[in-house]
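Features reported for this protein in TrEMBL:
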- 266-298: repeat 'ANK' (REPEAT)
- 326-358: repeat 'ANK' (REPEAT)
- 356-388: repeat 'ANK' (REPEAT)
- 390-418: repeat 'ANK' (REPEAT)
- 416-448: repeat 'ANK' (REPEAT)
- 506-538: repeat 'ANK' (REPEAT)
- 536-568: repeat 'ANK' (REPEAT)
- 566-598: repeat 'ANK' (REPEAT)
- 596-628: repeat 'ANK' (REPEAT)
- 626-658: repeat 'ANK' (REPEAT)
């Protein structure tokens, strides 16, 4: 009897006995029992394909032979032999595989599809929230197929689990699961069948610290993969940018900053965290990139502790790693990392400076290495390659010195439909926007490119490149002009307004902000260029009145603003806040002081604005309105000058059962009580 036959006989004896203790009979049985192929057949024969995967302890442990099931090889072997658990157990098995990092099992389960009924198919669609993507009415199909495991499980956040375990490969599989198509019989025609594939995994409820550790382990490529699959600021409980500043990881800090991170987010958290954790390189980098140092109280003491004079400004950390062997780097890598000596060595040794459509120049421009950019251009690099891509990338990343250099060397600021300005606006690079406009860029690019980034249906080479660098990570509802106004950059705000910014956005944010803050030089060009002054129920006028900006109120009224908007809201605000000159302008232009039963007088009295009370009464306001409410409120608040004027003009101090004196007494307004007592 040959070995194969002996093996088969022994194997069958063992399996049919259904007794694992047989391995103790002799050495041959023991050796057989250690083989995964044997264990697979034994378990299937003993428990059946449907029952071999029994899982308990809330889906965390195998019931049968838990020690055997600690190895991926056995589980994978059982699956390939057709051991498929029920719909609930298969998700428990999937979670165990995720916990243990069983790549083969995870991939196998995600690739399993099964034929189902029409009813179950559509029930599954509704449960998984994809009905909105279907066409109505539902058409009858020949067959219906569903995946056995949904990576986007609503009960368990599988991706969060992979991030917590820092399992890069598992996360990649989950993020790419939506690309999986069922491996059905090749010769069959499935054109009339309905096949539901996995949805894109929702990137939600991630922990910023865990995600930072995950990215540090997986590198920038892992961050880019998450970006491409929809990672945004609402996916994470806190800012990952601030986390990297706290950690001192310059590579990620630089990458995120160059791709739109707000270096002053959360009241200057990035700079504060870098200081608290003694990361000098990050501190210097953030300051050099324009971080607001005024909100960081311990900056001076930190710099002193590092033997740096506190008055230093705009000092970017340009320290570069010393490279000995240039042959270890390609020209692209050396340029991307700013290794000028290596770049020079490579070029002198004959490396093609123009390789891959000027990729070296593009990388140096995007990553802010002016010395490398200058060297490459001097050696003949084409700054116009790929429609002046180098200029666009420098604008994206916020490197004004490189933008200026390239423009001075002839770069076309309007190339690719003003892309440089469009991406600078998107990433809120204020100084670059100003420079590009001054050098001929068209501000309409902001609206044009914002729509392209939103629709993602044109310029796919640009959009796809930017997507993997966080194009959609930050919410960018505000415009460039709004950003300039919020940061108090008036010279840039004026330039943008003069060039027609926000005329096409039609949301009125910039006009409201400019009016609220008293920036007449911005308000005028906005209105002259066609921004609707009535937007938001004339909110620009109402805000200007609230904050007492007389010149803006006057300008808006002369240009047709509706002074009656929201029941004379502009007048009410001016009366409450004590802006007499604004009140006069509004009344002289027809504002109704009697609306809401003399509400303007009552507000002025309530907040102690005696001059406005006097003006309104002189213009016919009724001191007795709402049962002497003006006198009662002024008495309660202790505004003696207002009380005197109202009484002198006929107010009844005994109204509402002497409410004025009672409230004044209750609030210990003794001077008012004495006056009322003497006069009544």
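Heads up, the Cβ atoms here are built off N, Cα and C, so glycines get one too.
TrEMBL labels come from automatic prediction, so no person has curated them.
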Stretch of maximal Cβ-Cβ contact with the repeat 'ANK' (536-568) [cut-off: under 8 Å; candidates 266-298, 326-358, 390-418, 596-628]: 596-628
Summary of DSSP states over the repeat 'ANK' (356-388), given as helix, strand and coil counts: 24 helix, 0 strand, 9 coil
Secondary structure content of the repeat 'ANK' (390-418), with strand meaning DSSP E or B: 21 helix, 0 strand, 8 coil
Helix, strand and coil totals (DSSP H, G, I; E, B; other) for the repeat 'ANK' (506-538): 22 helix, 0 strand, 11 coil
Reported mean pLDDT - the repeat 'ANK' (536-568): 98
